[in-house]
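Undergrad: First the structure, then my questions, so here it is.
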Amino acid sequence: MEIIRASFTLVVFVLNMVRITLSVENEVLYLDYYKETCPLAEEIVSRNVEIAVLKDPRMAASLLRLHFHDCFVMGCDASILLDNHGDIISEKQAGPNLNSVRGFKVIDEIKYILEEACPLTVSCADILAMVARDAVALRGGPRWKVWLGRRDSMKASLDGANQFIPAPNSSLETLISNFNEQGLDIEDLVALSGGHTLGKARCVSFRQRVYDINMEEKRDKYKRYRTFRRILRSICPDSGRDDAIAPLDFSTPAKFDNHYYINILEGNGLLGSDNVLVTEDHEGEIKKLVWAFAANEELFFSSFAKSIVKMGNINVLTGLEGEIRKNCRFVNP
C-alpha cells in the first residue's frame, strides 16, 4: 500500500513539474487543452476553415490576419471580434481594420457549432489561434502545434488598434518599434511579414508606395521596378478606386510560400512596409534574414511557425481572467 501511495505521489509531482514548466514557457497555455472538455474542438475548427477557404480562397489570408490584428491590441484575447455594444467601441472601426479585416462570419459559424457541442468551453481567442494555423496549412504552408487555454477579453480598445497595428506605409524603424512593444524581435518581424505571401490589399493601402516620388527617383534606373509600378498604377489611380485590390504576392498569390521575400528583394513588394525590410535596413541584419528565407523555404516555414506561436502568447488571459464568450461579438450578459 505504501509503495502504491509513494508511486502516486511521484506521478503527481512529475505532472505538476511538467505543468509548471509549460506554464513558464507558454504563458500557462497547453497542448490538447480541450482533450477532455471538448475533444472534437480542433477537428470542428479545421473542417469549417477548410469549407470556408474552399468557398473563398482569399479567406485563408483573412483568417490569418484576424489573429495578427487581435494579438497586437491588448494581446491575443479576441477583442477584435467585439461589436459596438454598451460602453464597448469596436476595434473593427479602427483605421487598420475598417473596410479591411474580414472573416467574422466564419468565426461566428465555428463558434455556433462549438457552442452546440461544448457550451461555454472553447474561447473565441483560441478559435482565432486555431483558424490561423489551419488557414496557412490549407494554402501549402506549415502546420504548427497550437497552445490553447486563452480566455476572452471583456473590453475592446479602439485607440490601441489605431496605435499598435502596423500601418501599410510604416518605416522600418516604426515596424521594429511596433514589434518590440509586443515582445517580438527582428527575426519575428521578418518571419511574420512573410504572412503577406497570401491575400490582397486595397488601393488605399499601397497608393503611397506607387506614387512616391522619392521611390521613383531611386528606382527609375531599374526597368523592372518601373514595370511593376506601371502595373500597380493601372489598378490603383492616384485618386479614386480606393477599394480596388491587388495581390500582396503577384508571383503565387494563392499559395503560402517564400516568394514574398524574392519579391521584396526585387523591389516588388506591394506595400511600403514590405519593401522597407530591404531598402531601409542600413545595418544589413534584416536583409540577411530576407535573403535566407528567399533561398530556403523550409527555414522560412520553421521560423514563421516559431514566431506565430510566440505571437500567440502575447498578454493572454487565463485562469479566472476574462471569460469564455457565448457569442464572439458580445461579452456575456
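The backbone N, Cα and C atoms fix where each Cβ goes, glycine too.
According to TrEMBL, the protein carries these features:
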{"type": "ACT_SITE", "residues": "His69", "note": "active site, proton acceptor"}
{"type": "BINDING", "residues": "Asp70, Val73, Gly75, Asp77, Ser79, Glu91", "note": "Ca(2+) 1 binding site"}
{"type": "BINDING", "residues": "Pro166", "note": "substrate binding site"}
{"type": "BINDING", "residues": "His196", "note": "heme b binding site"}
{"type": "BINDING", "residues": "Thr197, Asp249, Thr252, Asp257", "note": "Ca(2+) 2 binding site"}
{"type": "DISULFID", "residues": "Cys38-Cys118", "note": "disulfide bond"}
{"type": "DISULFID", "residues": "Cys71-Cys76", "note": "disulfide bond"}
{"type": "DISULFID", "residues": "Cys124-Cys328", "note": "disulfide bond"}
{"type": "DISULFID", "residues": "Cys203-Cys236", "note": "disulfide bond"}
{"type": "DOMAIN", "residues": "28-332", "note": "domain 'Plant heme peroxidase family profile'"}
{"type": "SITE", "residues": "Arg65", "note": "site 'Transition state stabilizer'"}
Undergrad: Just give me the nearest neighbour of Cys203 (disulfide bond) among the recorded positions Arg65, His69, Val73, Asp249, Cα to Cα.
TA: Asp249
Undergrad: Could you please provide the mean pLDDT value for the domain 'Plant heme peroxidase family profile' (28-332)?
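TA: Averaging the confidence scores along the domain 'Plant heme peroxidase family profile' (28-332) gives 94.
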Undergrad: Are there binding-site residues among Gly75, Asp77, Ser79, Pro166, His196, Asp249 that sit within 10 Å of Cys124 (disulfide bond), Cα to Cα? If so, list them; otherwise say none.
TA: Asp77, Ser79
Undergrad: Quick one: give me the count of other CB atoms within 10 A of the CB of Asp70 (Ca(2+) 1 binding site).
TA: 29
Undergrad: State the count of C-beta atoms found within 10 angstroms of the C-beta of Cys38 (disulfide bond), not counting that atom itself.
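TA: I get 16 for this one.
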Undergrad: Calculate the distance in Å between the alpha carbons (Cα) of Thr197 (Ca(2+) 2 binding site) and Arg65 (site 'Transition state stabilizer'), and round it to a whole number.
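TA: Thr197 (Ca(2+) 2 binding site) to Arg65 (site 'Transition state stabilizer'), Cα-Cα distance: 12 Å.
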Undergrad: Out of Cys38, Asp70, Cys71, Val73, Cys236, Asp249, give those recorded positions positioned within 10 angstroms of His196 (heme b binding site), comparing C-alpha atoms, in sequence order.
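TA: So far as Cα distances go, the recorded positions lying within 10 Å of His196 (heme b binding site) are Asp249.
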Undergrad: Determine, to the nearest whole angstrom, how far the Cα atom of Cys328 (disulfide bond) is from the Cα atom of Asp70 (Ca(2+) 1 binding site).
TA: 13
Undergrad: Under 8 Å Cβ-Cβ from Glu91 (Ca(2+) 1 binding site), six or more apart in the same chain: what's there?
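TA: The list for Glu91 (Ca(2+) 1 binding site) reads His69, Val73, Ser79, Ile80, Leu82, Asn97, Ala156, Ser157, Leu158, Gly160, Ala161, given in order along the sequence.
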Undergrad: How many Å lie between the Cα of Asp70 (Ca(2+) 1 binding site) and the Cα of Thr252 (Ca(2+) 2 binding site)?
TA: 26
Undergrad: In Å, rounded, how far does the Cα of Asp249 (Ca(2+) 2 binding site) sit from the Cα of Arg65 (site 'Transition state stabilizer')?
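TA: Rounded to the nearest whole number, the Cα-Cα distance is 15 Å.
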Undergrad: If you count the C-beta atoms lying within 10 Å of each candidate's C-beta, which of the recorded positions Val73, Cys236 ends up with the smallest number?
TA: Cys236
Undergrad: Determine which residues of this chain, when Thr197, Asp249, Thr252, Asp257 are set aside, have a Cβ within 8 Å of the centroid of the Ca(2+) 2 site's Cβ atoms, and list them as they appear in the sequence.
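TA: Apart from Thr197, Asp249, Thr252, Asp257, the close residues are Leu198, Ser251, Pro253, Lys255, Phe256, Asn258, His259, Tyr260.
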Undergrad: Hey, how far is the residue listed as 'substrate binding site' from Arg65 (site 'Transition state stabilizer'), Cα to Cα, in Å?
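TA: Distance between the two Cα atoms comes out at 12 Å.
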